[in-house]
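Here is the structure we will look at, set down as structure tokens.
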Amino acid sequence: MSRKENAALLLNEHANIFICPVCGGKVEVVEHKSMICSNRHTFDFAKQGYINMLTRSMKVNYDKELFGARQRIIMKHNLYDPLHRRLLEVIQAETERHSHALLLDAGAGEGSHLTKTLDQKEGSVTGIGIDISKEGIRLAASKCDTVMWLVGDLANIPIKNDALHAIINILSPANYQEFKRVLAENGLMIKVVPGKNYLIELREAILDERKHSFTNEETISLFKQHFSDVKTEELTYTKALNKSELNDLIKMSPLSWNADKESINNLRKREQFEITIDLSILIGKNR
Ligand SMILES: [Zn+2]
């Protein structure tokens, strides 16, 4: 079976949760090729195994090289494994009462966090990854064919009201109004944001940001306005990176885009580099 047919079959099984992003109407999968709504708005499956449901073309600043580096850091160098294990524990504990839970990664990028999080599951959670970047979703679909991959707009998610059991939103902008609309009542919302020591060694090496004042207070307070029973967990650990891992980290990190060339070049020469991952996990319920 081709990747395109596989994606069409997978979405067809769940066609009742999707809606047309143009008119909001019901959609159906036709001939393993397209998703078409009752008003004949048509969205095609790509041969790499995803569907493009954007209603306008978007200029996105992330490029292929960056997504490739991010995918290697997450999938191969396993930099975020402790996060993925914790996410899966929380998701499984909250969704075990459903025989089939639907989990959306909102702002999935190149799909690595979602793919890794669901790697160790035992089949009770089905993933949907959405991102506005076609480049990212194309890469995601090429590495994982058990998740439904969508190019789409977080401000206009092509999913009907109350359809999902959980949403993750990892180091990426949120759209809480839309998240609340597509989440079922009591649905689980998890947002992951950087803590004050996130990638601190990288920041110190290239940005001279030792005295950087950092707080998540506003983010947490906004989250609390939208979700109830909010819990915050801190997850902090360090990992030693070798040269190629460090180079991937530099490539994937927005921090290095504005840094001066010389400090980046000096950093690239390091044979070993210890990096801190410091994350806050915000967990809430949709009520
Ligand atoms: Zn339509």
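Using N, Cα and C of the backbone, Cβ positions are placed for all residues, glycine too.
Annotation source TrEMBL lists domain '23S rRNA (guanine(745)-N(1))-methyltransferase N-terminal' at 18-54. Summarising the annotation, TrEMBL assigns Zn(2+) binding site to C20, C23, C37, H41. Per TrEMBL, the feature S-adenosyl-L-methionine binding site maps to Y80, E110, G111, Y198. Feature annotation from TrEMBL assigns domain 'Methyltransferase' to 104-187.
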### Other C-beta atoms that fall within 10 angstroms of the C-beta of C20 (Zn(2+) binding site)
21
### Task
Select, from C37, Y80, E110, G111, Y198, each of the binding-site residues with a Cβ positioned under 6 A from at least one atom of ligand 1; if none does, say none.
C37
### Query
Just going by other Cβ atoms within 10 Å, which of the binding-site residues Y80, Y198 has the emptiest spot?
Y198
### Task
List the residues of the same chain that sit at least 6 positions away from C23 (Zn(2+) binding site) in sequence and have their Cβ under 8 Å from its Cβ, in sequence order, or write 'none'.
C37, N39, H41
### Alpha-carbon spacing, Y198 (S-adenosyl-L-methionine binding site) to C20 (Zn(2+) binding site), which is rounded to whole Å
39
### Number of Cβ atoms other than its own within 10 Å, given for E110 (S-adenosyl-L-methionine binding site)
30
### Query
Reported as an integer number of Å, what is the Cα distance between Y80 (S-adenosyl-L-methionine binding site) and C20 (Zn(2+) binding site)?
34
### Alpha-carbon distance [E110 (S-adenosyl-L-methionine binding site); C20 (Zn(2+) binding site)] in Å
23
### Query
Can you tell me how the residues of the domain 'Methyltransferase' (104-187) break down into helix, strand and coil by DSSP?
25 helix, 27 strand, 32 coil
### Message
Using a Cβ cut-off under 8 Å and a sequence separation of 6 or more, which residues in the same chain sit near G111 (S-adenosyl-L-methionine binding site)?
### Response
Q71, D105, G129, D131, G136, I137, L139, A140, A141, K143, C144, V147, W149
